[in-house]
Amino acid sequence: MADAKIAKLQSAVAELNQISENEKSGFISLVSRYLSGEAEQIEWSKIQTPTDEVVVPYDTLSPPPEDLEATKKLLDKLAVLKLNGGLGTTMGCTGPKSVIEVRNGFTFLDLIVIQIESLNKKYGCNVPLLLMNSFNTHDDTQKIVEKYANSNIEIHTFNQSQYPRLVMEDFQPLPSKGHAGKDGWYPPGHGDVFPSLMNSGKLDALLSQGKEYVFIANSDNLGAIVDIKILNHLINNQNEYCMEVTPKTLADVKGGTLISYEGRVQLLEIAQVPDAHVNEFKSIEKFKIFNTNNLWVNLKAIKRLVEADALKMEIIPNPKEVDGVKVLQLETAAGAAIRFFDHAIGINVPRSRFLPVKATSDLLLVQSDLYMLVDGFVIRNKARTNPSNPSIELGPEFKKVANFLSRFKSIPSIVELDSLKVSGDVWFGEGVVLKGNVSIAAKSGVKLEISDGAVLENKVINGPEDI
């Protein structure tokens, strides 16, 4: 049955002239793997907590060389790759998410460029920046990178694969059914970074320049900066793959974790966990760390494994609906590739290396006095004594960046804030200070204005009379 489905799908895909032969064969092989049901269930009893040899505490890494020349040699072996396929739609923005303004008028991409530029300048090295775009972000990104033409940085862009969405009903590609637009296609997750790096020719180009490692991270993680200590450790220990993990907080209970399984280190995602063990997976006691998606990978190893077609990561089925048609997109994650590499490790890094901006509540954190901007680096304010960030919940009125910005005359001071919950039609004046636990809920149809200079400490506000 599966064979007949694949044969039928293959002939339909062969007709799709929008994509390359590599993309066609990659897609067919992904669907074949999915249909053969080779997603093995994890045997819960075989899971072991990784030792410090496998997940190395950051503090135990030996210090990097101090002289500039030795550091330059290390950095000349590195390329930085940012995953740039996502759109800013969830935050109400058009175009690539990486061009949302984060702070002081700088976008994610601006900050990334400034950081690498200052590294290249300081050490006289040439760390190139690669942006992996999707067909959703490619055209915009090409225009945007032109503004860095005079920067001291080589920028390369390439596209990740473009696969057709599958119609659930008959397992045929959506574009074959008259869906000519972008919604007939999807980018198959960031696990696709490895074949795309190879197919684009970028991998061989990097190897010919003497590069040995690529540091891969989400473009919206402001904490994912080049770390010489980590690079030095990987080169000295010949680790082909390193995943940065960090201690879980209650906000991260769904994040993937590293386990030792049948003698290899591997990523365990919540989707792979048998129902009976989901609560155990979420517990901070047993699974103490989670994947930041900051990954350091050896380029020769990527080439070897892609050529051998050995990177068979767990498939993540992602059902969607397009114009009332139920479709399926099959995806893979880059972190799941860890088990195919030799001497793969995790490094348990400080939380500061994980500062993602997924929603406007995160934007509030990074635009506030909780952080400072120094040479393109977003650095936490030392005046904050609590190691964890305040928890922030903003209502739907704040969901889009434009609405969020218009509702704050200036971003409040939150250095001493523990939690903030805002719902309804709330507007903040200039120079507001929030401390402790603050909850502000405007009743339906009521506009609630927090006046300039207001100091709210451990307050529950349901109407103007409570301010």
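Backbone N, Cα and C atoms are what each Cβ position is placed from, and that goes for glycine too.
Summary of the site annotation: Swiss-Prot records UTP binding at Leu83, Asn84, Gly85, Gly86, Gln160, Gly189, Asp220, Lys358. Screening the candidates Lys72, Lys73, Lys97 against this entry identifies Lys97 as the one listed for that site. Binding of substrate is attributed by Swiss-Prot to Gly85, Gly86, Asn218, Ser219, Asp220, and the same site annotation extends, among His190, His233, to His190. All protein chains included, Leu83 (UTP binding site) registers 24 other Cβ atoms within 10 Å of its own Cβ. Checking the binding-site residues (Leu83, Gly85, Lys97, Lys358) against His190 (substrate binding site) with a 10 Å Cα-Cα cut-off leaves Leu83, Gly85.
Here the Cβ of Asn218 (substrate binding site) has 24 other Cβ atoms within 10 Å, regardless of which shown protein chain they belong to. Neighbours of the substrate site: apart from Gly85, Gly86, His190, Asn218, Ser219, Asp220, residues of the same chain with C-beta atoms within 8 angstroms of the site's C-beta centroid are Lys82, Leu83, Asn84, Lys97, Ser98. The Cβ of Gly86 (substrate binding site) has 20 other Cβ atoms within 10 Å, all protein chains considered.
Cβ contacts within 10 Å of Ser219 (substrate binding site), excluding its own Cβ and spanning all protein chains shown: 25. In terms of C-alpha distance, the listed binding-site residues Leu83, Gly85, Lys97, Lys358 place Leu83 closest to Asn218 (substrate binding site).
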